[in-house]
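Q: Handing you this structure, nothing more for now.
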């Protein structure tokens, strides 16, 4: 945001302060001043001259010999500009002047004829070429007739103006206007703000009789005002307005366009001017675009619209992409006589989406995206009508045709002097707090130390006590807040049990070969519903969207860590990194259906992703790719080290391979999943075969106990029986194992699979699963009869429940 000091002086009295000091004070209160520079530079020897005569140079075809009256004398000047002509008032650098670039003006002879000065273009006076009006971009600048011969060009063109460049944070949309900056500086310096007066002489003719407004998308456009002005004379805007626009980085075009841009910068409210006679209807219809609809914008580009784009139409044909750019069909031209001025409030998210879709960034869209002041929308339209009446000879029709469902109420925030002092470490009195609020031009109701503050709608960044606390601190002065040491006794620091366990899990995973990564907690709507752990999915949760996302890729709070971690894997695979194993500890955000207005619940998860080789470049063993059992082995080892017993059950879930995914249970409670990413998702992320695990870290932290449990080393021998069972292919090994443990009784110490076979000598649709069963009693030696009894019970149970038979 570029701020002209001379323009700022129109609203507040700051003649008494040095620009450098002002910049320092503004920076101290929270708005960073990135730079200070003069708009341009020239000397006192550059004045307005009147071209009394202009004849061709006797010895050169492209040079003109001019006699120029500069007030106290008439100078003979040779000029090569193509637009110089008799009767013009121009900028003349007299001999002795020094122009930008240390270009000294001296008397000289050009092609044998004496020249005593130079007729200057704006570029030669130091104005950046991109801000110079097109009419003067290839030649000298011509002043309007009302300027006086001999006047100082520095003052007329504001060449001595000081420009502040503000680096605004996204929340300070109020400072995207000159009035917003004026309020800010007035609060810092404790001076009054002089607001522009909007006194418009209107005709008896009413705007509502000539045009009507219909809004079919009130959520995206809660306010639309249409002002009508007729009998317009298109021409240059006044010199002072052109100066301010150029200082703000905007090229002047004509009086109508310049006035809408001027009001945009003054009020922070974008306006748009339509040629009413070319609009094609006496009704303005604001609606969402139809599928396949197109329009040609002011840059002569045809745009294909989507149903989420908001457009301004004549009931049929789009004439503007709301808040972003107007259409070419109703553009104001030199032949325009009647103008429809649009003053509207458009939904920030809708404008941001359209601006992003078409890669169209403008001063207007930047303001709509951040939110404009609801109470200045109509005022800005009235201000534009006033200026059009003054500087375009326009006749303003009475009133405005409007649609209005916009909330213009001020928010109320309560603050307390004692709480402010507690938070800031200050000793402010009630009167000091009241004075700060008056400096900010905030109205309030006070009862003792309690202030009910009515926050102006221009300050859309203030919602809660902490926001007001920041305002009080800014104006009080951050450097005035005293340094104080913490009060109370001290105690030795240390890690909580939760912190210790999280640190242990991190070290374990890193010891297992995983590297930690940290990803965004934001994702997009396309990825949000994949890889949600079954225990979360069962809670009927919904995603939490952001009201004002910075981009569509980061518009929703995540329900799983997996999608963003797969992005990390994909990024590294694209850079020829083939052996990848990462883990992350982070939060997912859950909002239960019907509770979208409540703060989402945060659940901590620990997630791992693997792809590529697990053992590479070995000299004692073969290379090994990551598979399900590599990942399961790491997870099993983690749970074993935590002294937590875990079981697995095959499951199906969105985004995961249906035959290679298992859900994990601890104490019969689901705590996560493990498995291979579905091949379709691997293709979508451009991955090789990839495996993941995702665990409920909160539950692990709740059930884990620091004190380990110990078992005495058995003194009595164990007995091992191996059993190979033939079952249907649909039977899971985990179900068989559970049946064996249940039927076998307390004597079974351990059961594990050691072989799975399908093929020759087995019926079609059958498989053989072999288990090793270990029996042991810590207090005595088992008898053959006890082991046999358990073995037989197992055989009966697996036959009954799984139709299993002993493999011959």
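For all residues, glycine too, the Cβ spot is worked out from N, Cα and C.
Bear in mind that TrEMBL entries carry predicted annotations, made automatically and left uncurated.
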Q: Write down the one residue from 461, 479 that TrEMBL lists together with 467, 470, 471 as binding Mg(2+).
A: 461
Q: So how many of the residues in the domain 'TRNA-binding' (40-154) end up helix, strand or coil by DSSP?
A: 11 helix, 44 strand, 60 coil
Q: Using a 10 Å radius around each Cβ and counting other Cβ atoms from all shown chains, which of the binding-site residues 461, 467, 470, 471 yields the largest count?
A: 471
Q: Quick one: mean pLDDT on the domain 'FDX-ACB' (714-807)?
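A: Computed over the domain 'FDX-ACB' (714-807), the mean pLDDT is 88 on the 0 to 100 scale.
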Q: Sort the residues of the domain 'B5' (408-483) into helix, strand and coil with DSSP and give the three counts.
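A: Its residues fall into 33 helix, 17 strand, 26 coil.
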Q: From the DSSP assignment alone, can you count helix, strand and coil residues within the domain 'FDX-ACB' (714-807)?
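A: Tallied per class, the domain 'FDX-ACB' (714-807) gives 31 helix, 32 strand, 31 coil.
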